[in-house]
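Peer 1: What TrEMBL shows for this protein is this:
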TRANSMEM  23-39  transmembrane segment
TRANSMEM  59-80  transmembrane segment
TRANSMEM  92-110  transmembrane segment
TRANSMEM  130-148  transmembrane segment
TRANSMEM  169-189  transmembrane segment
TRANSMEM  217-235  transmembrane segment
TRANSMEM  267-286  transmembrane segment
TRANSMEM  316-335  transmembrane segment
TRANSMEM  347-370  transmembrane segment
TRANSMEM  390-413  transmembrane segment
TRANSMEM  425-446  transmembrane segment
TRANSMEM  458-479  transmembrane segment
Amino acid sequence: MEQGAIEPKGTADIDNSSSYKKIIIVAAIAAGIQFGWALQLSLLTPYVQQLGVSHTWSAFIWLCGPLSGLIVQPTVGYYSDRCTSRFGRRRPFIVAGAISVAAAVFLIGFAADIGHSLGDQLTKPTKPRAVAIFVVGFWVLDVANNMLQGPCRALLADMSCSNQKKMRVANGFFSFFMGVGNVLGYAAGSNSSLYKLLPFTITKACDAYCANLKTCFLIDIVLLLTITTAAVLLVSERPYENAIDNETEPFFGQLCGALKRLSKPMWVLLLVTALNWIGWFPFIMYDTDWMGAEVYGGKPQGTPEQEKNYDLGVRAGALGLMVNSFVLGFTALGIEPISRVVGGLRWVWGIVNVVLAICMGCTVAVTKAAEKWRAVHGGLALPPPGVKGGAFAIFAILGVPLSVTYSVPFALASIFSLSSNAGQGLSLGILNLFIVIPQFFVSAVSGPLDAALGGGNLPAFVMGGIAAAVSAVCAMFLLPDPPPETHVAVTMGAGH
């Protein structure tokens, strides 16, 4: 519920005495959600290339994330506000989302096996049936994750019962469990022997890499369904009646009206956010592929030695993402005091965007150093400690700007919404549009750009670095300071 908003008549109340224990149980769902996100980010781009989809075309599969973020979250949030089910307004969506995630994860993990049983030939580089099943599972997974995450956050807000302290604590726990899920997911992705826990996952159509991915996703299914079951059984909602009174305009009508009423500071915020995500998304899509192909010199489909190097690089990238998650979590605790030291949130955001731009440039230096090493010591030589250390340093340092990206824009949107006649919930929905639209742009152009400039990930990374630098300038010199009397706690945001 928006700050200061009046709860509509007939609201399905959560018990006003909702304990922190129950809040923690609901917030823990974030660990299951983020576990799947982490696996998706670290393992699925290499996996789809093993199924025969080229690097250029794999970028288009990622269009589902922005598309589902654009449509699913605001739509599910809108209708969950109006749900009059006897089970409550949030829990039906949470249950449906968790079941959909489990089904999607199963399709992804078993895509190679199902494709082979339907006629894919293992001797051919492309497995079209497996690719089709994978794409369906991938898209369902993104839709289901967005369907699950929004109602979880809304349920936490309901449980807080307009108690601002309890709401901040609830958001803090949600962010904490996001970090837990990230660490668990990246740790699982970096372990190449996890499939030994479930030996049946290795099949004729599914090698060790595939079996490891399959095992990771089966673990995610068990974790998510266990936590979700505990949450829906232990936390109850009272059924809604007449959830929204005197409202005739549909959600998207409200959205368009709010866009027309936005203040200038909010438009600048949206511009900085869009540029910021053009900077981020190339690395988010291709970080582990960069480690496998450019840093370790491997190929997803090549000689056995090249495939081994690629697999080692992907595992190292997943480990780097785990380190990134640790840094992200610790940084989130210090954003407010740091902002007071440097002169405000806009300066924090601008400075870390400079850091993002520098790190994107450093990927070029690390790649060139790795290529020079292989030229001297042989094409299959693994990178030396210095090159590995440089790559891991990039992953670690990027945890700082990523933490700010997940927090400051959301806090500023809440502040600026007060002067734009738009509620905080609707303002954050508009902010989400300017997060996902840049992802459409990057997904559409990164593959052709990389192919036109010789292949690999560096062209998209350089594009991201330029966008991050422009975003930094706009944040520091165009974005106004929020009103000094306004205080909004900065907490980690969420979403892909």
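In case you wondered, yes, glycine gets a Cβ from its N, Cα and C as well.
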Peer 1: Using a Cβ cut-off under 8 Å, which residues of the same chain at least 6 positions beyond either end of the transmembrane segment (390-413) come close to it?
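Peer 2: Cβ under 8 Å, 6 or more out: 266, 269, 272-273, 276-277, 280, 283, 287, 291, 295, 316-317, 319-321, 323-329, 331-332, 335, 345-346, 348-349, 352-353, 355-356, 359, 362-363, 365-366, 369, 383, 424, 427-428, 430-431, 479, 482, 488-494.
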Peer 1: Using Cβ atoms only, state whether the transmembrane segment (217-235) and the transmembrane segment (23-39) have three or more pairs under 8 Å that are 6 or more apart in sequence.
Peer 2: yes
Peer 1: Out of 23-39, 92-110, 267-286, 347-370, what stretch is closest in contact terms to the transmembrane segment (169-189), meaning most Cβ pairs under 8 angstroms?
Peer 2: 23-39
Peer 1: Counting Cβ pairs under 8 Å that sit 6 or more residues apart, are there three or more between the transmembrane segment (267-286) and the transmembrane segment (458-479)?
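Peer 2: When sequence-distant Cβ pairs are counted, the transmembrane segment (458-479) touches the transmembrane segment (267-286), since at least 3 lie under 8 Å.
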Peer 1: Excluding the flanking five residues on each side, which residues at least 6 beyond the ends of the transmembrane segment (458-479) place their CB within less than 8 Å of a CB in that stretch?
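Peer 2: Residues 265, 268-269, 271-272, 275-276, 278-283, 285-286, 290, 294, 346-347, 349-351, 353-354, 356-361, 363-364, 367, 412, 442, 445-446, 449-450, 452.
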Peer 1: Could you give the residue numbers and ranges of same-chain residues that sit at least 6 residues beyond the transmembrane segment (316-335) on either side and whose C-beta is under 8 angstroms from one of its C-beta atoms?
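Peer 2: Distant contacts of the transmembrane segment (316-335): 38, 41-43, 175-176, 179, 182-183, 186-187, 189-190, 287-292, 295-296, 348, 388, 391-392, 394-400, 402-404, 406-408, 490-492.
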